[in-house]
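S.K.: Below you'll find the structure I mean.
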Amino acid sequence: MKMSIRTPPRLLELAGRSLLRDQALAMSTLEELPTELFPPLFMEAFSRRCCEALKLMVQAWPFRRLPLRPLIKMPCLEAFQAVLDGLDALLTQGVCPRRWKLQVLDLQDVCENFWMVWSEAMARGSFLNAKRNKTPVQDCPRMRGQQPLTVFVELWLKNRTLDEYLTYLLLWVKQRKDLLHLCCKKLKILGMPFRNIRSILKMVNLDCIQEVEVNCKWVLPILTQFTPYLGHMRNLQKLVLSHMDVSRYVSPEQKKEIVTQFTTQFLKLHCLQKLYMNSVSFLEGHLDQLLSCLKTSLKVLTITNCVLLESDLKHLSQCPSISQLKTLDLSGIRLTNYSLVPLQILLEKVAATLEYLDLDDCGIIDSQVNAILPALSRCFELNAFSFCGNPISMATLENLLSHTIILKNLCVEVYPAPRESYGADGTLCWNRFAQIRAELMNRVRDLRHPKRIFFCIDNCPDCGNRSFYDLEADQYCC
């Protein structure tokens, strides 16, 4: 009988599964098991909680990396513990089996195709392609040390206590800290008592951390407890701070001292490229302290929903670390009563690199717009511009469009419906809005065919939210 090309992998698969049914047989034959059988059999053993088989397969793992995170999304704490027990046996005895190549236990929550590639290879018999298609692994600089094993993990601290997997892992790591290296590249703090956060940060090599997000309504006294840890994150590339408030019990002198302690930590962050600050109240009148401590050229700067003084904007425009920005987001910063000359200077500085500009809800009025138009029209790399929530007239909007029309890379533009679209009570006049929109679109089409232009209206009669309308007057988002 002629066998199809699918027969060999199918036979291998059946033979491998038989090993899981006979634990003793698995113990004696793992050293000779074909490499291509390890991933599909490991998945099978994990889902079926074949703990003894898992321990043995980990000890004979023929790949450099074991990406476990996609598998522990299944409720299998027992299987997870078995994997760590298998590693434990190797770490403590110090003698590794002949086939063992494992250097990285990867628990990062990333898009992972390792298991998918090998499963498809099992079905198709294309094991050579599976080897070629393996995703490259980003190493940790500290992996060159003495520890034989590195554990990659992402920390999401969002509840009062950790989930059972992370709790078990951290306890396991703590007891074996001399035998392995725990590497955390992403730290997200969304809500947890700081005493718990502190105990976790003490276990992590802070100089491995590359991204930090803090979004849990801290007041300044709590921020002071986090500040010393931030200064040790010397490879930090991205920092997100959200909902930082000034306690009413903090005096102006104390506030200045705390802000100084915090901002001076930026002197140590020589890899920082992306800085996001949303609803950070202590920036008011103190932005210069932070900017003067930046030691790198930022690619992304977002300061949103904050209160800034006019002097803060002036310091921002003079900061040498913003001259290579690709993203600038100042949405939600009220600029109504300020001169926009600092913003003009800022746009002139970043004109050669800026790709995304968001000035939503800044309260910019007609008399202010002219100040930024010459600089805006020179941002030739700009591909997205949003200007919603600024109460401007039809004439000002036409003037704005005439300056952005020459930006050939501009793909997405979002503008407010002009004031003439609304009645005296602030409600939208649909017929008038449709007429204005048609006039504007005809003018734009005469000069340049836009890729995507949206007009924004506030307080949609249907949902009460902000709505967007495109060229064809179809509602895009409501």
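Cβ coordinates come from backbone N, Cα and C, glycine included.
So Swiss-Prot lists the following for this protein:
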type   : residues : note
REPEAT : 17-40    : repeat 'LRR 1'
REPEAT : 99-126   : repeat 'LRR 1'
REPEAT : 181-205  : repeat 'LRR 2'
REPEAT : 206-232  : repeat 'LRR 3'
REPEAT : 233-268  : repeat 'LRR 4'
REPEAT : 269-294  : repeat 'LRR 5'
REPEAT : 295-326  : repeat 'LRR 6'
REPEAT : 327-348  : repeat 'LRR 7'
REPEAT : 351-378  : repeat 'LRR 8'
REPEAT : 379-403  : repeat 'LRR 9'
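Help me picture where these features are in the structure shown.
M.R.: The list of residues near the repeat 'LRR 2' (181-205) in space but at least 6 beyond its ends in sequence, with Cβ under 8 angstroms from a Cβ of it, reads 108, 140, 142-143, 145, 147, 149-162, 170, 173-174, 211-216, 222, 225-226, 229.
Sequence-distant contacts of the repeat 'LRR 3' (206-232), counting only residues of its own chain at least 6 positions beyond either end whose CB sits under 8 Å from a CB of the stretch, comprise 140-142, 183-192, 194, 197-198, 238-247, 250, 254-255, 258-259, 261-262, 265, 268-269, 271, 282.
Across the repeat 'LRR 4' (233-268), DSSP assigns 17 helix, 8 strand, 11 coil.
Taken together, the residues in the repeat 'LRR 5' (269-294) have a mean pLDDT of 95 on the 0 to 100 scale.
Under DSSP, the residues of the repeat 'LRR 7' (327-348) split into helix, strand and coil as follows: 8 helix, 3 strand, 11 coil.
Listed as Cβ neighbours of the repeat 'LRR 8' (351-378) (distance under 8 Å, sequence separation of 6 or more from its ends, same chain) are residues 302, 323-336, 338-341, 343-345, 384-393, 395-396, 399-400, 403-404, 406-407, 414.
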S.K.: Cβ under 8 Å, sequence separation of at least 6 from the ends of the repeat 'LRR 5' (269-294): give me the contacting residues as numbers and ranges.
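M.R.: Same-chain contacts beyond the flanks: 210, 220, 230-231, 233-246, 255-256, 258-260, 263, 300-309, 311-312, 315-316, 319, 321-322.
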S.K.: Near the repeat 'LRR 4' (233-268), which same-chain residues lie under 8 Å Cβ to Cβ, leaving out any that are not at least 6 residues past its ends?
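M.R.: 141, 206-221, 223-224, 227, 274-282, 286, 289-290, 292-295, 300.
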S.K.: Which sequence positions outside the repeat 'LRR 7' (327-348), separated from its termini by at least 6 residues, show Cβ-Cβ distances below 8 Å to it?
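M.R.: Contacts of the repeat 'LRR 7' (327-348) (Cβ under 8 Å, skipping residues fewer than 6 from its ends): 299-308, 310, 313-314, 316-318, 354-365, 368-369, 371-372, 374-376, 378-379, 386, 389.
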